[in-house]
Amino acid sequence: MAADSITLTTQLAATTLNDVASSSEALKAEFSDRVPIRSIISRPDGGAGLAGQQLRVGGWVKTGRKADKDAFAFLELNDGSCPGNLQVIVDAAVADLSPLVPTGTCVAVDGVLKLPPAGTRQKVELRVEKVVHVGPVDPAKYPLPKTRLTLEFLRDCVHLRSRTNTLLESAMLLRMQHIHSFKSMASFMFTLQLLPLVTVRGAGEMFQVTTLINEADKLEKELIKNPPPSAADIEAAQLLVKEKGEAVAQLKSAKARKEDINASVAELKISKENLAKLEERSKLKPGIPKKDGKIDYTQDFFARQAFLTVSGQLQVESYACALSSVYTFGPTFRAENSHTSRHLAEFWMVEPEIAFAELKDDMNCAEAYVRFLCQWLLDNCLDDMEFMADKFDKTCIDRLRMVSSTPFERISYTEAVELLEEAVKSGRKFENQVEWGIDLASEHERYLTEVKFKKPVIVYNYPKDIKAFYMKVNEDCKTVAAMDVLVPKVGELIGGSQREERYEVIQQRIQEMGLPLEPYEWYLDLRRYGTVKHSGFGLGFERMLLFATGIENIRDVIPFPRYPGRADL
């Protein structure tokens, strides 16, 4: 059985879209109802063999134009699954064409694949029957024109450059290099590992990145060694400049030789330069620079406040809003003064982000991912797991088998609180009070997974007041489309949500939480230009290891643990 599973895993990882059956159901992207454009146009026949198939595609308009006196429009659509575009034809009778044709517009459409007229470049095109979604763009404000763009220009639009062909081709190389390294993410077309560790915004307690302290220390030592000039020093330098200036004037009035005048002007120039240096040095003050009573971060290395990232989510969203299905795997940092067995100051996160996906898709993906990881450990690391069972947790293998084969329980946050309140009435004691509106504590999470349901639980639709601004506000205006995957031994393993794609709503949420808009303008651009519903989650890699192995403390499942008071090597 184990050998068969290993073979199956290898086959799944090696499967290419050319091997997929031609039915529209088989073509669909996992955890979404759309068909990736790559699975259409990257076939050996260019998609011609799919003619007659009815399907849904979604992506961003690379170029669009109206034709035949506005009777229909041609759209070149790209969803990031490949560098190539799918030609989409929309009749004016189906939808208003004006919002569809601007470059950058996000559209999702239902239609039928047709063979184009003979002699055309395309092997297949999509005739639209219904427009499902439009994320509009104001052409006058969209930063990326149709013209060829330089890399220098794109550096100023870093959050949108993933929509260009240059970045798409780079992403294809990334996919080829990494897709087999992360077999559990084989359904995702791209992997982005190189997201920034330094960021300007985040949530919770963050580590600040600054050179101001080091620079202040260096300046203090320098001023002790070489004190700043006194008022008398500056007055003497000013007098010297005056004297040199008068000397130049006298030579000129006496019509002296040109060589003598030039030499005197040179001396005057040197005197002025020395005076400027003395005046500048006299302004130096020990300590961290301040302006209007606050730290002057314009003098810092990045010319603004900067922090170590707490998550790559916001940045990776910019790629999901161009490449559709992406994930990142990298280190994250939290400056929480916590000494629990589940917290680290530095840890690694797997963070998928899926365009055209709602909360239910996010939960489906999270559950499938955790179950896959458990099965992969059983198939490929059974000897190691047997060692863990012998040395640390005799139940770890049974736990992996249970999770890999058992559908997860799904309950709303409100239902979870009701179950906890019932437990309290029945005599269960919790250290943390149970009431609607609290952030569930680890003891609450473990009760639900270990006692009530005895299996993993997904809790969804949390109160918006305890969740981040980027989570989609539900119709009740009290909750957000957030979800947590809870597992035995650990509690929360995954946290995720459907992201708020409505520009006005997310702008209001940022302001409600007392955050400045300016640092998030780039993030708001993702809603201004071709907005799309999208969802994602983060899985703590070390917490997954903690859950799988049964080891009690998270500090023991990472090579170099960082936590309050400890940062060795």
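Please read every residue number as a count from 1 along the shown chain.
Quick reminder: no glycine exception, Cβ is built from N, Cα and C everywhere.
Small disclaimer: the values here were computed from a predicted structure and weren't measured.
Mean model confidence for the domain 'WHEP-TRS' (233-289) is a pLDDT of 91. The domain 'WHEP-TRS' annotation in TrEMBL covers 233-289.
Residues 228-229, 233-234, 237-238, 240-241, 244-245 of the same chain, all 6+ positions outside the coiled coil (251-281), place their C-beta atoms under 8 angstroms from a C-beta of that stretch. The coiled coil feature in TrEMBL is assigned to 251-281.
Annotated domain 'Aminoacyl-transfer RNA synthetases class-II family profile' per TrEMBL: 326-559, in sequence order.
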DSSP helix/strand/coil residue counts for the domain 'WHEP-TRS' (233-289): 46 helix, 0 strand, 11 coil
